[in-house]
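Residues or ranges marked as domain 'SSD' in TrEMBL: 424-587, 948-1072. Marked as region 'Disordered' by TrEMBL: 1-20. Per TrEMBL, the feature transmembrane segment maps to 91-113, 413-446, 453-480, 486-506, 535-556, 562-588, 651-669, 919-941, 948-974, 980-1003, 1015-1038, 1044-1073.
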């Protein structure tokens, strides 16, 4: 973005007689520096004979030129030496620059793309956090320590073990249902059968058994050698039982209708039904024990037939009512709570939403575990087979089930890991095709404004190749290896800014034809164009680059990477416009301007007389009458400028702007951090609808996997020495271990006591997920204790009931090396499938490196947080603070016996993302304000006029407030996407006001004359830039990916507000205040 302002006064170079120059270097209307650029010698037009020339009104002979002392940049006539060189060798320079762009792109492909992991040059967006925040430090302290010892421990615990065919969970198919009737999904047989149709797609097909997860819990049926598929996780199991006893169901319902009975049963069930922690339930009467045992027996008898193998129960209302009461019973709620929404209860036995999971198994054949690489290859091969099987056999039926017209009473949605990648790829491809439209429009708009196919192609070339050239510099020259997916937005940034630069340059070139003092030769003309546009575009490019570099204040590497890359792209675009496009304009001038032919570049097609000579002849023929310029330029010069100069119009502008800014400020101050999961896709996309329903309509159920929160002892904080993720994305630091960590008997006892407290303490009931009445805690110590006594884990009741506590169970630390290796190979007692090993279940909790126990950890599942998706910062922080409080309390005891302080963290990045959400808010505010401050100082240095810099900066602030206000009006919250966009507003909004400020500053005359010149010279350029950016952003509105859709809205709003405030706000203020500018000396 650039600013052109030809001189206000257009007058002949010679006086009336032509005897002496009409001005010299001491004239007031031009300073010494300007004299060198505008005093030119116009060669006489050839009249057919070598020695005969006729003097023209604007003609200057060679010996009459204003000469000056040449320097490193200009010749004796004040023309730029670089421009002279381009004019002498345009084709060679043009070819060289094109070849350079292509070579750098080729090198980028060879050095970056071909060497990228899996052919993906983008850095995987994981582990994104502030490196020095204590949450990320604790996260990496455990994560890196686990990874460091995992390979050794994996060899000891798993390698060489047999893995049964389809015994492990390899994938899931998730069904989500939405009712279209007020009776809910379970209010009619039609709706229930419609949901069952989704599961019948798989379970009615004999081929499904080859890919499902097999049930190894149940014994094989008589005369059968094949295991059955695991049942789906769905409430339909109870509606299609193998048998249904209405009498027992009615009795259970009647018993649970009394709230006191529910409380009593919940207090007794753990002891009476499970035989656990009876010491925690004092004063149990025999009568209460018998009642609880009978009620528990009836419920167990009813639920044992829930297998979806029978026909639909005739009394579906009774089934639904029973579920509404069982959901209140701690040890049985896990059987029913998964499939009913959060509004479902005994007072409201209606569920508008439901969900279910179909389980897919692996490996597809019996396998002996080997190296990690070999297992990954085998899993990938199985995954491909599974995907092809699903696409060939089920995908069509699944899509039909999900079709809104298939069922009258319900809507069905699904997603599956095996095919979700193809779905996302299709969405990304579709959105990328929309981006192509933006480039097509930019191309044709450049063509319309330049009136040249040649310049349009060159313009599009330089815009497009700004990306690979900048990428080469970013990655190969700067050695920045972190290339964020966010960097892909740079293509839209450069499309808008690059086109703006082209319009500025071409408009300056066109306007130069109306200034006779510039038409002596092409070198003089292009030197003037180059100076005017170069300075203006340098100001705006520097300001934009600096605004993007403001993102460096954030500690998040992906945003830093985007800021640096966007700044490099803007710089390269500026360089290419001033080199490649400038050279193209010279070629255009010499060969294609004012002609319809599409000749070769060199050596044919040179025009004579040249367009510059034709422009001079036109001015000579026109005499003192001004030539008519293009209609748009005249409109801005004579209509818009005059409109702004009318006091009443400015008063109207003032009222409108003040009123709007009052509303905008009010709305902007209402912006608040997001309170919900951030959407990935358009809210109406089926995949996004299913995810939204899952996140918003269901409480965390027993069968939902909760976020595992770890308490580890034996670790010190990770060392971050030498860590710079921009240069080395894989380097997070070095894990450290507590040298005096001692897994002694007291340490073991304290860890077990901590486990029991987490499981049974009622104050953790809302914090830690409950399964069968106990907290979901991963405590390897209790299984280690039983193994130490029994030598195996075959008696799981002994483990679960804690019978080992009556004996001396603690392991002698000296015996760990003999016990742990075999212990890790045992089957855990807490896996319902009966196939998971100790080493697999406690892969993070047991820090065994093959020789010693480096650390020990206990984990608990959160009742609120999930490892999937993101929730509002306030929700996560509330849970986090409670887990921190537990760590603080227990560390006082365990750190003494075990050694070292506790490391409390999760390994799913929820706690570090919580901090990221706060960083997004801080970065948005800091980066936007810093961007405005930088714009102010750049303007102050370039214009040397304080009030221009101040008013222009105020215009940028108004744009910032306005865009944020509209975001609030659109219902946006301050999530990660919005925070990034706000942080870069200053970079996008600076261009137009800087153009007009610079044009106003270099113009001549009083305030109104300066305004007229600024609008006349820059109005069309700024308008074209605005049109290009706004229309190019429109396709993004239709993107399914929410980041691109919101970016399109943001870009359109920012550009529109920037144009309005620059043209009618900033210029109106200047017209109203009429602050004079000094022509010489300090103008601050």
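The backbone N, Cα and C atoms fix where each Cβ goes, and this holds for glycine too.
Just so you know, TrEMBL annotations are computer predictions that nobody has curated.
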The transmembrane segment (453-480) vs the transmembrane segment (91-113): 3 or more CB pairs under 8 Å: yes
Cβ pairs under 8 Å between the transmembrane segment (948-974) and the transmembrane segment (1044-1073), at least three: yes
Any contact, the transmembrane segment (651-669) to the transmembrane segment (980-1003), with at least 3 Cβ pairs under 8 A: no
Averaged pLDDT, computed only over the residues in the domain 'SSD' (948-1072): 88
